[in-house]
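Here's the structure, in structure tokens; my notes come after.
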Amino acid sequence: MFSLDSLSFSHRFLALPKSFYTQVEPTPLDNPRWVAWNQDLAAELRLPNEVDEEHALLDVLSGSLSNEQIKPLAMKYAGHQFGIYNPDLGDGRGLLLGELTAKSGQTFDLHLKGAGKTPYSRMGDGRAVLRSTIREYLCSEAMKGLGVPTTRALAMMVSDTPVYREKVEQGALLLRVAETHIRFGHFEHFFYSGQHEQLRVLADKVIAWHMPQCLTADKPYVALFAEVVRLTAEMIAHWQAKGFAHGVMNTDNMSILGQTFDYGPFGFMDDYEPGYVCNHSDYQGRYAFDNQPSIAMWNLAALAHALSPLIDREDLDNGLETFTPLLQTEYSRQMREKFGLLTKQNEDEKFFIRCFAFMKSEKVDYTRFFRSLSNIDSNGITPVVDLFIDRAKAQSWVESYMLRCRLENDSETERCRKMRLVNPKYILRNYLAQQAIELAESGDFSLVHRLANVLKAPYEEQPDAEELAKLPPEWGKRMVITCSS
Ligand code: AMP
Ligand code: MG
């Protein structure tokens, strides 16, 4: 039997100076109930496998009942939103409940999103609606399944509290789990407000908690920045290779550990469209899919500026200069794996350029293209040709691809097997999330659960989930999502 007494939260963020946060009690929601409980993650965190409505955990984790283990706080941060500095940010609707140590020995933050107003709520109501909660729950777990660095989702709750957006919606809660909730914007806050001693405290804590290897470096802060650049480059390489657009890459949504963070109007590309913009409010296309690498660089430069009291200009410049090569190396490694082309050949650059131009002009489905290419029948025929309207053109491209494949060391079967390990069959397409949300809003969470389950293993064939791997219907393509969440 699980007992609340067995919970063992720590509160290391609470030990920081008061300027880092405000302690705030959650504002309870009316009649909260579980709608999703992530059993795999719960097991890692030594939490019970099953939870029910009577379970004392519901009262405590939904913020309805205080418990000595939970010491909620709202973090203070700032950030550049669409390129403009905003000093007034912070946890406006989420609270850090405490930290749990997992079986692995690693410590994770438990953060309740939608818990009510805080001193940083500005004009907001401190709430999260069901639709955005479902999107974050499903996408963070889908990214985990894909192997992309990400925050996680432990649970989702819904309530009878009305939340007013364009229409009346149901208030919901998300329990987010992350190695850290420290953002680029935390550093910017202490820099721009002139609290440079606190900036040092923050850098020291990030090193002590998350990057102890930097302690033994000649210049620990330089090593810290180098690590943030490296982790960010890896994350962006994953996004670009998987066809993921984040949608709101403001510096307050950038985790200091390079983990995909704050899921809002994100989208996976359907048709290959490099300029894909998934955020309805992004009129200039600042956060378009193919802009993400340069925006990440912009954000790292903003972080570098905030770190300037701790690190020499030259060291910061050197750190920034490593970003593009690191990103290119990792992106090119991932793309080679996707194509099954592991050896390097002279004509490869030209081959890739031609291929992307072809995919773009033919508007082929990005995910299906690579998955189809990973399947070849006994006659050497790949279903990829079926994705193109101009079959003759496609056939001629496939022939050039097959010629190139002959230069590989693996057999065809082995190459395809390896390709299926990196080319997902299942992704969280926006239209699927939309269908799951519409059902959930009428009380039926079956598709939410089904998607959560299927997306855990996106690279595996799951014969009873074929319809979730289909091409999107015309109405479901290029969906843009609003920020009002
Ligand atoms: P986001 O767009 O979710 O990254 O949020 C940007 C800022 O607005 C953060 O400081 C959030 O905490 C705050 N915020 C977003 N939605 C709300 C809300 N409904 N109530 C209060 N603050 C919010
Ligand atoms: Mg945010």
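Backbone N, Cα and C define each Cβ position, glycine as well.
As written in TrEMBL, here are the features:
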BINDING   Gly90, Gly92, Arg93, Lys113, Asp125, Gly126, Arg176, Arg183, Asp262  ATP binding site
ACT_SITE  Asp252  active site, proton acceptor
BINDING   Asn253, Asp262  Mg(2+) binding site
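Sequence features, as recorded in TrEMBL, placed on the structure.
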residue : record                       : Cβ within 10 Å
Gly90   : ATP binding site             : 23
Arg93   : ATP binding site             : 21
Asp125  : ATP binding site             : 17
Arg176  : ATP binding site             : 25
Asp252  : active site, proton acceptor : 22
Asn253  : Mg(2+) binding site          : 21
Asp262  : ATP binding site             : 22
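The residue listed as 'active site, proton acceptor' has its Cα within 10 Å of the Cα of these binding-site residues: Gly90, taken from Gly90, Arg93, Asp125, Arg176. Take Gly90, Gly92, Arg93, Lys113, Asp125, Gly126, Arg176, Arg183, Asp262, the residues named in the record as contacts for ATP: the widest Cα to Cα gap among them comes to 22 Å. Residue pair Asp262 (ATP binding site) / Asn253 (Mg(2+) binding site) shows a Cα separation of 6 Å. For Arg93 (ATP binding site) paired with Asn253 (Mg(2+) binding site), the C-alpha to C-alpha distance reads 14 Å.
Straight-line distance linking the Cα atoms of Gly90 (ATP binding site) and Asn253 (Mg(2+) binding site), rounded to a whole number, equals 11 Å. A separation of roughly 20 Å, to the nearest angstrom, links the Cα atoms of Asn253 (Mg(2+) binding site) and Asp125 (ATP binding site). Taken in sequence order, the binding-site residues Arg176, Asn253, Asp262 that lie near ligand 1, meaning a CB under 6 Å from one of its atoms, are Asn253, Asp262. Among the recorded positions Asp125, Asp252, Asn253, Asp262, the residues whose Cβ lies under 6 Å from any atom of ligand 2 are, in sequence order, Asp252, Asn253, Asp262. Reduced to three states, the DSSP call for Asp125 (ATP binding site) is coil. A coil conformation is recorded for Arg93 (ATP binding site) in the three-state DSSP classification, outside any helix or strand.
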